[in-house]
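Trainee: If you scroll down you'll find the structure; I have some questions about it.
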């Protein structure tokens, strides 16, 4: 099978070069050093964030394009009201005795039962187990006090179904693993349980994480809480929609090429993809091992930071996990009433030029420029930066990910793992089990990966894709030496209609152009809701992607928290909740 990828120009069209000008809502264009030629196909409580004081030429500053006011020293408390910390609220309720864990669990389960018929976020709901765990938690608090339980006591968590859980099915969204129940918890899940979290169920996903809409699930199609005729994104669409619909407090996902960040943007929640190695992959069903990362979703930056502090850290069961120190990320976040008038003073932020060109919806570009204006009003210096290798990342990503998948998924053969279909000989058993158990998209990617790795084509595809990966890493490294963070949209559009792109895989793949480069470089990225575009009954959310240097999650979370608290006149609560 020979699979042709469109040229990078067709996949991610950068704006045509032009003389730097200052336009309304524009930024000064500044190019990175050109990439090497490649053959064609492929402080204190009052926060002043640390920054690099680098010599720079005369810059043209950002001009606000919206009515966003400059952030005062004391911004109205209502500005942060849309993103309170659910985890802190639950902790305070348990501490004061105002509510019990059983009551909190009952509230979320009631909402889940009301909304699940239309949203379909979960493949498996462990409601009875959640109620038992909540009652046991109340007994422990009554006898030993709240100090005897972990920081996530009473917090309901949804877990993407490609993460192993010992007491519930783990299918990876594939019929070939229907009914499979592991004997152990994934490390991230185990750490959540040890911190007192209650796992409420397993969330839906594109089969084995291969997809961008959650339409590729072997079980059901999840819908977007903002408009049930639209996709929630993917592959972690179930985890994002569950948090957006407040069916659970937080959730776990995985991110191989944007599978946490794009659904976070589509569903109007916070999504974090950590640095590669920051969170153990033990117990995560492998798709592309050099790209896979366990990430998390929350309705606020504080909740996301709290979850990361729990799940991050070295794990002897994963040789790729890092021993880099884990911070208490939540404690580093400064509340609104303690912020300086210019809390991002001196911060240097680069907007990736290639993410604001052709193929990106006008409404998305407008929302990102509004967000950039807001960041500048908070004191930062915002400039446009070009990453010349950015458009090369998408075809390289799909070659590398498919190649690794063709190897990783060979274990699902009906003998080692997976439902078995009987046959007259071994080849027939293998073929029948995989043909019946695996979906179309998974089979296509296995074939693409096998072809790319085959004799005579390895150098033309896999080796060249690895060379492009090196260029992408170098390009990000050089840009992040000059800027504290880089920003871009998390997706070129808001959520689109269910079925709109299911028969056009290349168009669906092109939707990953904003995110795959971050995985190729192994960098952390945070998505926070920043605005809306027209669509649905209440508009459709748009997410701002913030990209940092390796292991700079704390810095991303601090900036994201400041942005979230000071962003006024927006409420990222879907109409589904008001209707229910």
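In case you wondered, yes, glycine gets a Cβ from its N, Cα and C as well.
According to TrEMBL, the active site, charge relay system annotation covers 160, 235. Under the heading active site, acyl-ester intermediate, TrEMBL lists 259. The domain 'Amidase' annotation in TrEMBL covers 103-557. TrEMBL lists 1-39 with the feature region 'Disordered'.
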Trainee: Restricting to the chain of residue 160 (active site, charge relay system) and a gap of 6 or more, list residues whose Cβ falls under 8 Å of its Cβ, or answer none.
Mentor: 202, 203, 205, 236, 238, 239, 251, 252, 253, 254
Trainee: Between 235, 259, which of the active-site residues has its C-beta surrounded by the fewest other C-beta atoms within 10 Å?
Mentor: 235
Trainee: So what's the mean pLDDT when you look at the domain 'Amidase' (103-557)?
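Mentor: A mean pLDDT of 96 is what the model gives the domain 'Amidase' (103-557).
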